[in-house]
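Trainee: Submitted below is the structure of interest, expressed as structure tokens.
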Amino acid sequence: MYKYFPAILIFLSVFLGLIALLGAIKDGSDVLAVFLITLSAWFAALSKFYSLKQNKT
């Protein structure tokens, strides 16, 4: 079940990063862009954590 969890988190990370970039370009909403980039970084960190956890077992 957790086999695809890191890949899903990376997909969410990239997707949120692209939404943040497009939102910043189109609307100039810096607060939303910073929030989404921060959330994207958290998803990337979680993905790395679960990836390392899977490699241990």
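Even glycines carry a Cβ here, placed using N, Cα and C.
Just so it is clear, the model here is predicted, and its values are computed rather than measured.
Pasting the relevant annotations from TrEMBL:
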{"type": "TRANSMEM", "residues": "7-25", "note": "transmembrane segment"}
{"type": "TRANSMEM", "residues": "31-50", "note": "transmembrane segment"}
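Each of these features: where is it, how hidden is it, and who are its neighbours?
Mentor: With a cut-off of 8 Å between Cβ atoms, the residues of this chain six or more beyond the transmembrane segment (7-25) that come close are 32-37, 39-41, 43-44, 46-47, 50.
Taking Cβ pairs closer than 8 Å, the transmembrane segment (31-50) reaches residues 2, 5-7, 9-10, 12-14, 16-17, 19-21, 23-24 in its own chain, all 6 or more past its ends.
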